[in-house]
Amino acid sequence: MGNIKLNISELLPDEPIKDPFEEEIHFNNTVREYILFMVLLLLLSIASHVIVLRYRRKETTHLPPHRHHIDDDDEAIVDRIALWLCTFSLSVSLGAILLLPISIIGNEVLTIYQDSLYVQWINLSLIQGLWNIIFLCSNISLFIGLPFAYLFTEAEGFPGSKKGIRARIVETVVVLTLLVVLVFGVAFILSFLLGYYDQHNLFEILELWGSFYLPFMYSLISCLGVLMLLLFTPVGFAHLFTAMGQLMVKPGFLRDLAEEYQAAIMREDALARQLSRPMTPHAQPIQNTPNMQAVYQRIRQEYNNVKKTRLKLEEHRRAGVFQRTLAYPLALVVLCALTGTAVIIVVLNTLQLLVGIKALPLASAPAILGEAQQGKRTIILVMMGPLGAAVEVVLILYIIAASILGCYSLPGLALIRPKRQNTSMVHIIANCVIVLVLSSALPLLSRTLGITNFDLLGDYGRISWLGNFWVVFGYNVLFASASAACLAKKFTTTLRHEIYIRFKMTALSLMKRDTFKLPPHLLDKSYINASSIKEE
């Protein structure tokens, strides 16, 4: 026994010793992530279904049950399938909107409670998995789900085929297949024109379509969404003040509710007398008079609008003291503070990019949860700590709310603005497409403007133009300039109108003086007298 020499290195295995509970821990983490994903998807689906049902027009028939035709049943099935697809796409949009706030809040919780075991389940794998699922579902909804819903709603079957739900499905699948081929062909041509073949072979691109085409098409959609946000968000900043003035009760020194209420009552009574049956015995009602249906409908619509205004004024009159005195000024201060903070952050980000203090969004460091400076691209937000994270979350939600409101305030898109219980399924699909594009571009907009620095997009975040200094710099300048111009136009409208009226009155008065002024040849005559001047 004494001659035996033990070598510890010979006893140790070549491979590192694995934790016997590592597979179990990995299994538990995976199950927990799937459960959280399903719970979140369920909650978002319920909220989206309620929203869609709130605005969808109910296509009801007044026929008895024994007289319902097969076409009615087919239309009900088509409408139900389109409703499910719109609900799914809207739930994905809500998830894309909440991605950044959830990531920022989770990072701050891990930063504050680093040693707590109750928050260790919030890790980078959970957040990245959530981002990947959301953006994969965004592509599925945008390129497959919503186009199928629209084509299925408008399909009637190929000519010569038997009418029914099967014929509509066949036509929808064929047209959707052609549309997918067309989209992939356009993406293939654009990738060729943009020089992607310098980095990838043709056969590699055809084989790796999932890792190349989807991120590439998402980059195109995100570029479109960012350009839409550049147009909609500044308009929404200005329109938020108008919407706030319509929803909230203005103080007495800014608005005379009693006078508006009396005017609404008088207008409603006048319209009601026009719609009522005339007092003459042999006269026909207005709705039965030939060629008067359009006039009757217009008066009926105006009567309904005036009635809604009168009911709203009644609610404002019954409002409490706080709502009639301090609510509107406080809301005005909050909106001004949020808008000013957003513009200041964009200006600071522009200056830091110009000086060279801050790197471009493409060169962002990988995300590491639990760091105090993670996600904050502005020095002011870094110095504020958890309060800066709260400001980021509020600004992100404020920007998406302003962009959606600005979208529906433009003349063209205002026609498809959803109305409660009066929106067709085609308009619901169009609105879902708009919200999905805007929500998918929100993380990219936040990184471009310097609001946050989270880069959890993975393959979907490989967007080459984020590394171009002039593109990012020009976008920041345009966003700040457009926001300032819209706000200046909003708050100086009354002043500019008053100045225009004063200049117009001055010009008219000068023109009147020139009209009654004597000609020069008469003023040079020495023999003209006062009476002739008066006559002239």
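Glycine is treated like the rest: Cβ placed from N, Cα and C.
Lifted from TrEMBL, the feature list:
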- 34-53: transmembrane segment (TRANSMEM)
- 81-106: transmembrane segment (TRANSMEM)
- 126-152: transmembrane segment (TRANSMEM)
- 173-196: transmembrane segment (TRANSMEM)
- 216-241: transmembrane segment (TRANSMEM)
- 326-348: transmembrane segment (TRANSMEM)
- 393-416: transmembrane segment (TRANSMEM)
- 428-445: transmembrane segment (TRANSMEM)
- 465-488: transmembrane segment (TRANSMEM)
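As a quick check, the transmembrane segment (34-53) and the transmembrane segment (326-348) miss the bar of 3 or more Cβ pairs under 8 A, pairs 6 or more apart, so the two do not touch.
Only sequence-distant pairs (6 or more apart) were considered; of these, at least three Cβ pairs between the transmembrane segment (465-488) and the transmembrane segment (326-348) are under 8 A, so the stretches are in contact.
Recorded stretches compared: 81-106, 126-152, 173-196, 393-416, 428-445; the one with the most Cβ pairs under 8 Å to the transmembrane segment (326-348) is 393-416. Long-range Cβ contacts of the transmembrane segment (81-106) within its own chain (Cβ-Cβ under 8 Å, at least 6 residues beyond either end) map to 40-41, 44-45, 47-49, 51-52, 56, 122, 127, 130-131, 134-135, 137-138, 141-142, 145-146, 148-150, 152-153, 367, 369, 375, 389, 392-393, 396-397, 400, 425, 428-429, 432-433, 435-436, 439-440, 442-443, 446, 452, 454, 456. Counting Cβ pairs under 8 Å to the transmembrane segment (216-241), the stretch among 126-152, 173-196, 428-445 with the most such contacts is 428-445.
Sequence-distant contacts of the transmembrane segment (126-152), counting only residues of its own chain at least 6 positions beyond either end whose CB sits under 8 Å from a CB of the stretch, comprise 32-33, 36-37, 40, 78, 81-82, 85-86, 88-89, 92-93, 95-96, 99, 102-103, 106, 168-169, 171-172, 175-176, 179-180, 183, 214, 217-218, 221, 367, 369, 425-426, 429, 432-433, 436-437, 439-440, 456-458, 460.
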